[in-house]
C-alpha cells in the first residue's frame, strides 16, 4: 500500500511543477547562504589561528562550504527538471533521471543535517584547541626577538583588549610564566637577580599582568604589578577589592564568541534542511504522478502520486534484499572465477566420424 497517496489532476500537476521550479531557485539562494556562512566561519577561525592548536576545527566550515556548492548545482538541475515536468512529452526524457536525482538529493539533504549538528558538537574540539593554542601563545609572549614568535605579543595584547579577557583561564596564568623579555631585565639589579634565583627554572616570575589586561572602565588607575601585595598600594585589599583588570579568561571569552556564531549557523542550517526536505518531498510527488500518467497513457487524466510505493517496512525489506543480493552476486562471481573447473580447460576435438549414429526404423 502506497504511503501518503495523493490524487493529482493535470492542473494540480502543472501548478506543482511551477511551484517546485520557483522553490528550487530559492534553494539555490539557500545554497549560497550555506556557502557564505561556512566561508564566514572559516575566516573567523583563521583570524585567530595563531592562538589555536592545529586540529579538525575547520571540518565544520569546510562541510558547510561543500554542501553550499553542491546545493547550488543540485537545485539548479532540479529547477530545470521541474520546469520540463509541466509538459508530459518533455518529462519523458527526464523519466529515468528523476529517481537517481531524488536519491542523490536525499543524501545531500542528510549532509545538511549533519553539518547543522556538527555546529553543536564542535565545542569540545574548539575548547581543547583554544586551551593549547593560548597556552603556547602566552608562553612565548616574551619572545619578541625570535622569528616566528615575534608577533605573538601583539596578537595576545590585541586579543585581551578586544575580548576583554586576561590569560588563558584567568589573570593568574601570567603569574606562572615569565612574560617579560630578558632583553628588558636589568641584570645588575638585586631584585631581578633575587627573583631569578627564587625558582628552580630561573625565570623572572612576578605577580603582575600585561597592560592589555587592564580594564579602562575602572575608576582607579590600573594596578598591573604586585597584585597580591596589599602594602604596595594605598587603600588596597587583594582579597576583598574588585581588581581593575579583566577577570574572564580568554579561552572562555573566545569559546563563548565562537559558540554563539556556531549556534546561529546551526539554526540557519537546520531551517535550510527543513526547506530542502520539503522541496524533495514535492519533487517525489511530482515524479510519481508524472510516471503514472505515462503508464496510464492519458496525459490529460488524473494520476496518483505518493511518497513511497509500499509501506516503510516493505520498502526497507526490499532495499535490504537488493543489498544482500548484490553482495551474494559479487561473492559468487569471485568464487566461480577462482574455482570454475571449466576455465582454462583445453577443448577436445570431437570428430563427427567417431560418433556412431543409430538408424531410426521407418514407420510402417
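Glycine is no exception: its Cβ is also placed from the backbone N, Cα and C atoms.
Among the ranges 41-59, 60-78, the one that TrEMBL lists as transmembrane segment is 60-78. Proximity of distant same-chain residues to the transmembrane segment (98-120), defined by a Cβ-Cβ separation under 8 Å and at least 6 residues beyond the stretch ends, is recorded for 34, 59-60, 63-64, 67, 70-71, 74, 77-78, 81, 262-263, 265-266, 269-270, 272-273, 276-277, 280, 283-284, 287.
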